[in-house]
Amino acid sequence: MNKVQNNRAWWLILPMLLLVAFSAIIPLMTVVNYSVQDVFDANTRFFTGTEWFKEMLNDPALQAAVLRQFAFSLTVLAIEVPLGIGIALIMPKRGWQASAVLILVTMPLLIPWNVVGSIWQIFTRGDIGLMGWSLRELGYGYNITASPVDAWATIILMDVWHWTPLIALLCYSGLRSIPDAYYQAARIDRASQWAVFRHIQLPKLTNVLVIGVLLRFMHSFMIYAEPFVLTGGGPGSSTTFLSQSLTTMAIGQQDLGPSAAFSLIYFLIILLVSWVFYTAIMNMQKDKKQEGA
Amino acid sequence: MAEIALKSLAHSYLPNPTKPGDYAIREMNHVWQQGGAYALLGPSGCGKSTLLNIISGLLEPSSGEVLFDGERVNSLPPEARNIAQVFQFPVVYDTMTVYDNLAFPLRNVKTPEDRVHERVMEVADALELTPHLKRKAKNLSADEKQKVSMGRGLVRDDVSAILFDEPLTVIDPQLKWKLRRKLKEIHQRFEITMVYVTHDQLEASTFADKIAVMYEGQVVQFGTPRELFEAPNHTFVGYFIGSPGMNFIDVSLRNGRVMAGETELHIGREIAKALQDVRTTNVKLGIRPEFIEVHDTAVEGSMAVDVEHVQDLGTYSILYLKLGETSLKARIEEEQDAPVGKAYLRFPNDRVGLYVDEFRVEVPHE
């Protein structure tokens with residue numbers, strides 16, 4: 001076959017380029033544009049260079065929010081991933097029970113974020129909330145508007161309730177795809193339950209867990225609606241996470257320059273951490289470097 | 001090390017089997033002797049894998065007994081049976097190295113590490129896996145993975161038998177041959193009973209001393225490759241073994257003459273004599289394409305046939321023939337020229353088998 005060289009073919013990628021430009025590049029560039037200027041009104045603006053970035057990186061309130069955010073994301077990951085795997089392992093494999101359990105497990109995932117916040121807001125109230133009232137009746141002075149510990153624990157509990165099902169579902173599908181021969185071979189090899197989990201199930205779950213961990217990290221790092229509805233970021237600023245700080249700055253105070261710089265930093269943190277996660281997990285599967293191989 | 005006996009064993013996947021067709025394994029008795037190399041040969045769905053899983057304990061039979069050295073093991077799980085099984089698709093523990101994979105069955109029963117090392121090195125050497133010991137099993141090729149699967153069966157010195165469930169399905173043809181020879185070598189070196197399931201007659205006859213042919217949940221014949229070829233016990237064995245399979249001719253006795261439809265067959269009198277006592281109408285004569293004598297001209301006792309088609313396969317040719325209404329195949333070597341249009345056949349008496357209701361009946365020769 002003759003291959004015809006025709007550079008006009010490049011025009012064919014134009015529609016795609018336009019689409020990507022409008023969906024991603026142009027909005028992002030707007031943010032970049034704001035992050036290096038101080039804009040007063042439509043006609044008055046000053047170029048500020050990296051000033052906003054420096055200011056944001058040195059802002060103690062934001063530094064605290066970043067630390068809080070990391071603490072939160074890592075805590076929920078540490079709870080949700082093992083718990084999700086555990087739930088997937090004990091979910092029934094066939095019959096009507098399997099379908100019933102699947103539906104039950106999926107339920108929290110179908111509830112919109114701020115509805116989740118509202119549910120838990122009511123659930124934890126000391127006067128009419130089942131959990132708040134019960135804890136108080138048991139003699140614990142539970143109060144999420146006064147105690148940072150209570151607020152934190154509740155937000156983490158809420159996130160675990162809301163998102164563990166995602167990990168469980170991913171792992172469930174991963175477990176379903178392991179051929180029976182693996183379990184049979186393990187029985188023949190006289191492997192213990194733990195060995196089956198450690199050497200068959202867990203390795204086969206790696207791929208779904210990569211997706212699960214990345215999704216959960218990104219999600220939880222960007223969490224906004226649920227804590228906003230539940231605690232409003234308090235008591236004090238103890239549950240004020242990054243998205244909420246950003247919203248306050250951009251919408252509440254109209255500080256467009258600093259918020260733009262902050263948005264970019266925020267975005268880069270997520271990108272960097274996701275990349276580190278991904279690379280680390282993928283590297284575990286490679287052969288150790290060895291001579292001649 | 002053990003002799004494995006199956007006593008009136010039957011298995012059905014249905015809860016309440018009634019007719020024979022409900023059974024994956026129909027009632028059977030069979031003995032695999034200690035140290036033998038056996039093949040279990042049969043088409044897909046004939047119950048080979050079911051039988052294997054019953055022996056290894058992955059399945060519990062619906063009825064009958066599995067005996068290891070005379071001891072009933074029906075309810076023992078595979079872990080307690082000291083048996084190894086290699087599956088159709090290689091099973092390796094992805095995240096472990098080849099060494100750890102091979103050591104796995106030993107470490108699971110807390111074997112001392114120096115003993116583990118000794119066994120692993122011996123098996124790795126036998127399977128030519130030594131250069132790969134430090135690699136992760138995930139990154140091996142299909143045949144290397146299958147060797148690791150086999151190796152896990154071989155490292156254990158307590159195994160009574162190793163069962164192979166079509167282990168070479170995913171292997172390239174040239175490697176297949178190599179691995180088969182390797183297996184044979186290992187069988188001789190370790191003297192373990194091996195049962196090898198396959199649907200490939202060539203694979204079965206190169207590996208095994210004795211072959212059990214399975215058909216519709218039954219072992220229809222158990223014998224050496226030569227016995228299966230020369231005296232198939234059942235019409236199925238005749239079809240299945242040999243390439244092309246055996247010719248079967250529906251026959252009946254009319255006025256003392258052996259007839260295939262409207263054509264009289266010129267064959268030994270003893271067949272006609274034997275036919276006199278047969279009460280059923282399902283009577284066939286079987287003869288291998290290799291054993292049919294083909295002549296260009298009429299000779300004494302020959303039958304005229306039409307040559308419909310000749311298939312030249314290099315070192316031999318297959319003739320597609322028509323004797324009256326009956327289609328036959330004959331095989332001639334390359335030295336012999338293929339006849340054109342008409343040919344004359346002779347069936348050597350001692351090569352013709354009589355099959356009544358699909359099973360072979362011995363005909364005394366005069």
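Note: Cβ is positioned from N, Cα and C throughout, glycine not excepted.
Taken verbatim from TrEMBL:
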- A:66-277: domain 'ABC transmembrane type-1' (DOMAIN)
- A:12-36: transmembrane segment (TRANSMEM)
- A:70-90: transmembrane segment (TRANSMEM)
- A:102-123: transmembrane segment (TRANSMEM)
- A:151-172: transmembrane segment (TRANSMEM)
- A:205-225: transmembrane segment (TRANSMEM)
- A:260-281: transmembrane segment (TRANSMEM)
Surrounding residues of the transmembrane segment (A:102-123) on its own chain - C-beta under 8 Å, 6+ positions past either end: 87, 91, 129-132, 154, 158, 161-163, 165-166, 168-169, 172, 224-230
The transmembrane segment (A:260-281) vs the transmembrane segment (A:70-90): 3 or more CB pairs under 8 Å: no
Intrachain neighbours beyond the transmembrane segment (A:12-36), with Cβ under 8 angstroms and 6 or more residues off its ends: 47-50, 52-53, 256-257, 259-261, 263-264
